[in-house]
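Enquirer: As annotated by Swiss-Prot, N-myristoyl glycine applies to G2. Feature annotation from Swiss-Prot assigns N6-myristoyl lysine to K3. Annotated GTP binding site per Swiss-Prot: 23-28, 41-44, 63-67, 122-125, 155-156, in sequence order, evidence recorded as similarity to another entry.
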Amino acid sequence: MGKMFSKIFGNKEMRILMRGLDAAGKTTILYKLKLGQSVTTIPTVGFNVETVTYKNVKFNVWDVGGQDKIRPLWRHYYTGTQGLIFVVDCPDRDRIDEARQELHRIINDREMRDAIILIFANKQDLPDAMKPHEIQEKLGLTRIRDRNWYVQPSCAASGDGLYEGLTWLTSNYKS
């Protein structure tokens, strides 16, 4: 019955996995979208899961900690994922190669082959932040031809770019 109402009234659900290196801004983004305000966060050990409704889409967002010790556990969250949000700490030029490796490890997993990919180029408000075109190049996105991906500049603290990213997800998700 619920699926019938969804088809009639346009409500969709989408399972989103939010990944990125530690301190990229994943949890700040999650709670900015959920609560509309900035919250003080601590490093995520384990995961946070919240439902965010935007434009008649219920996003079930799984924010899993980014510390290197728990990254091997990420794959346990892949099944059923329809969209990947990968958050990049744009001023952190020293770890962009590490971010690229982790991104490609995720998207090359067979469980993630159908997921669309949104990159939040985060912390655009900070000096020396890499711009979206630079993130696109450094993450090797132009070589990904068989997947739908997009780089959205963002600032988790202010909320800039976050809803534009969700708009891209809603426009590009095929249920």
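Every residue gets a Cβ built from N, Cα and C, even glycine.
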Enquirer: Please classify the secondary structure at K26 (GTP binding site) using three-state DSSP.
Expert: helix
Enquirer: Relative to the Cβ of T41 (GTP binding site), which residues of the same chain, six or more apart in sequence, are found under 8 Å away?
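Expert: Listed in sequence order, they are T27, T28, Y31.
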Enquirer: Helix, strand or coil at N122 (GTP binding site), per DSSP?
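Expert: The three-state answer is strand.
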Enquirer: Within 10 Å of its Cβ, which one of these binding-site residues (T44, N122) has the largest number of other Cβ atoms?
Expert: N122
